[in-house]
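A.B. asks: Taken from TrEMBL, the feature signal peptide covers 1-34. Per TrEMBL, the feature domain 'Rhamnogalacturonan lyase' maps to 401-473, 487-636.
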């Protein structure tokens, strides 16, 4: 019966006869279960036995089915859509309504320059068995653009699925390729989409903190759309607790570095459905880019590239016949059911343990494609990052917990934020500033970094070339932090976030009660442009040289920031940023989007002895209510001290 587990109720006499046997076997069963769980294969319900059968493939005219005795994965042939996923007696834990909606698919949002945008679910046209053994089956569902109608995205796409013996789930990766000379195209988004069964999965978990029952998608369909279509006021709700609350998929976004595990839980039967992304290397934008996770539907996402929290500042254009190739994934779809501790917390903790196992095993050794490189064909880079800020210390200091990463060569210190075409490899330094970036795909990279508590971004002056099996030992590298003079005052913490700045309270009519009184969520109210006045005293004014205002923005949308000193009505500002930002992070509940940094030189004749004011005015380019900036850090420096 779909969606139900059928239990046999034994008679009292059978229970009496079986009690002694159960007692005698209990120790052996516990030992067996513990051994299997430690191996990281299947979360064993108490008293159950792991199936020992190998992996079996059955393929027919319109579908291919892989069964390992734990899960049964059914894929359309040759389309490569996930039609069904059987687990724990449930025939399909996914929502499938053919021919338009499947339980799992890969899609691309794209357009020809000047053309209409579309989101295309990529359809395979060729089915190939790559590996078929008792231990593993790998299948390919590929499509060639040269042999396809030209109204499809100009990409060769190879969707690969892997099922292994004894593993409670499956792996999925996608190889995309543009050949040289192909037509110009914009590709804003690549992702995998999973649709757990609506009648089962109602509890969502995307982090230790964000776990909750979710409204039904029908509640959204009957609700009131607000300032942008993703935000809906639930005017009616199947479950009364959600009535008069706001649902918005962007409320559940997480930084990419925190994206490794997300999913849904069914309460009847108690099953967890999880998507595990064991690496960030194939996800665009760097470790701190916010990205979608799960949302009302139920929907679970594996995002690879997108313009979320970045806008078209991301380089999504492919021009002049530019070739491109990239492997997205593998990601793992993991299913669990833990008895007797069959509650939300137990399922989440078990999924976290599986995620950690997948991270430790990255890069995988079982992937068949030559385009996916195992550890032996990768390299590494090591070094020590130091920070040079002469005002704070006469000698460079170790950069503790700094983010250090390799990305495609770029022309600016923050180029990695806008890159979607290459791979990125990041780590954090230890307390002494030491770092090792392992398992890097061979190629040429720039080394980027930033240090919590230090303004600006580091970029190594030399190109870093990674070769298979080699470690590049950089030794100490020094980041010369932006600094012209001693600090007069500072506001905020230089950490690429606006979390410590004031956020207006929302209209009580438009809230999600789960997030009330939770930190780090921007809650747009009446979004009017304002002028911020900063008052301060100067005991003396240096008659020569320039004062410096170090201005770091945590996000922006089509806005200039004008800086005035002591005269808001001056004919021209003392400094003006360029119009920056397309990240739309304010509207999307983000506490940051794309990072921007400016050093403003302010002539000393603008200042006076005693009371002074600096005015920051945000000038929007239009009437969209969520245009504006989010500040990260502001510092006023005196002119450089003379030796």
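Every residue, even glycine, has its Cβ placed from backbone N, Cα and C.
Curation does not apply to TrEMBL; its annotations are automatic.
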A.B. asks: Let me know the model's mean pLDDT on the domain 'Rhamnogalacturonan lyase' (487-636).
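C.D. replies: Taking every residue of the domain 'Rhamnogalacturonan lyase' (487-636) together, the mean pLDDT is 89.
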A.B. asks: Could you give me three numbers for the domain 'Rhamnogalacturonan lyase' (487-636), the DSSP helix, strand and coil residue counts?
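C.D. replies: When I sort the residues of the domain 'Rhamnogalacturonan lyase' (487-636) into the three classes, I find 6 helix, 67 strand, 77 coil.
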A.B. asks: What counts of helix, strand and coil residues does DSSP assign across the domain 'Rhamnogalacturonan lyase' (401-473)?
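C.D. replies: Going through the domain 'Rhamnogalacturonan lyase' (401-473) residue by residue, I get 4 helix, 32 strand, 37 coil.
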